[in-house]
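Feature list (source: Swiss-Prot):
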- 25-45: transmembrane segment (TRANSMEM)
- 91-111: transmembrane segment (TRANSMEM)
- 126-146: transmembrane segment (TRANSMEM)
- 170-190: transmembrane segment (TRANSMEM)
- 205-225: transmembrane segment (TRANSMEM)
- 252-272: transmembrane segment (TRANSMEM)
- 290-310: transmembrane segment (TRANSMEM)
- 330-350: transmembrane segment (TRANSMEM)
Amino acid sequence: MSLFDTINAGGSQLLGFAWPTVWAIVRILVVSVVILLCVAYLILWERKLIGWMHVRLGPNRVGPGGLLQPIADVLKLLLKEVIQPSAASRWLYLIAPVMTVVPAFAVWAVIPFQAEAVLANVNAGLLYAMAISSIGVYAVILAGWASNSKYAFLGAMRAAAQMVSYEISMGFALVLVLMTAGSLNLSEIVGSQQHGFFAGHGVNFLSWNWLPLLPAFVVYFISGIAETNRHPFDVVEGESEIVAGHMIDYSGMAFALFFLAEYINMIVISALTATLFLGGWDAPFEFLSFIPGIFWLVLKIFALLSVFIWVRATFPRFRYDQIMRLGWKVFLPVTVVWVVVVGFWMMSPLNIWVK
């Protein structure tokens, strides 16, 4: 019996019919607190890693090695005044930051941390994740329009065009995963990557989806960078053109909520990429399977987040027309062609996805 089963059985005896509700709330709170801590120290890791790439130290004054820097940053933002522009639409202006954070948290309901460790093991988990993650663009548009600023509105329009452009390519990449796994359940998608010729010989990582679906893997991850408006796709808040885009008129915690959503979405994209293409909680080699699955999932997420940061520190920002061209003229044709290729592949005698 697993730890979760033991807690569940004990709680049922103690609280009776109220236990399922209490247990759900406890799990949601635990996941939410862990995500907030991860965001705080992801920001520190980003500043440290970029500092090392620039041959400098990064934050190193607050606490030992700068470990308390995230706490200082949070306190600073909490103490700052939220200044609302006089021409802004009050309620829409205040709703937009909250609306951008809620979907970022909601996606975690269906992401499995290891076998049977998921908040809601729904059969349409992949569809749910895609739908919920698409809601964030409405918050960006709302923020840009409610601020009643031309810079904010330009940023919002850029965000709408960019997210729509790359969501289509991401959708086709997910169709490929659905075709090969035969399920929309994220736990079953991870399970579908745990068999095959290489997995049978103990080399699990060569059986994961990243290898047969390599173009889709690359397109999905790069599109994820664009979806989160990260560098080099950050024309939404291009400092040299439109200052901070849709966030230009926000301050204090309202401003912080946009950044919180951005970093949570980075972790979400990394978690989904690890789940769909990198075997989720599966160990890379069979002889390492004794290590808990959540360790491997966290390690994969950390590696993908480091790639996010490496890309930011390395590449210059694309022009707006270059971003649109990449989405419509490169990624979309590549994913459509690969859907056809995999379709024929699955119908041929060389089908490697036979259950």
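Note that Cβ sites are derived from N, Cα and C of the backbone, with glycine treated the same way.
For the transmembrane segment (170-190), same-chain residues at least 6 beyond its ends with a Cβ under 8 Å from one of its own Cβ atoms are 110-112, 115-116, 118, 121-127, 129-130, 209, 212-213, 216-217, 219-220, 223-224, 227, 275-277, 279-282, 332, 335-336, 338-339, 342-343, 346, 353, 355.
For the transmembrane segment (25-45), the most Cβ-contacting stretch among 91-111, 126-146, 205-225, 252-272, 330-350 is 252-272 (pairs under 8 Å). The stretch with the most CB contacts under 8 Å to the transmembrane segment (205-225), chosen from 91-111, 126-146, 252-272, 290-310, 330-350, is 330-350.
Through the fold, the transmembrane segment (126-146) approaches residues 88-89, 92-93, 95-97, 99-100, 103-104, 106-107, 109-111, 152-157, 159-160, 163-164, 167, 170-171, 174, 177-178, 184-186, 189, 227, 236, 245-247, 250, 258, 261, 265, 268, 272, 276 of its own chain, all at least 6 residues removed from its boundaries and within a Cβ separation under 8 Å. Between the transmembrane segment (252-272) and the stretches 91-111, 290-310, 330-350, it is 91-111 that has the most C-beta pairs under 8 angstroms.
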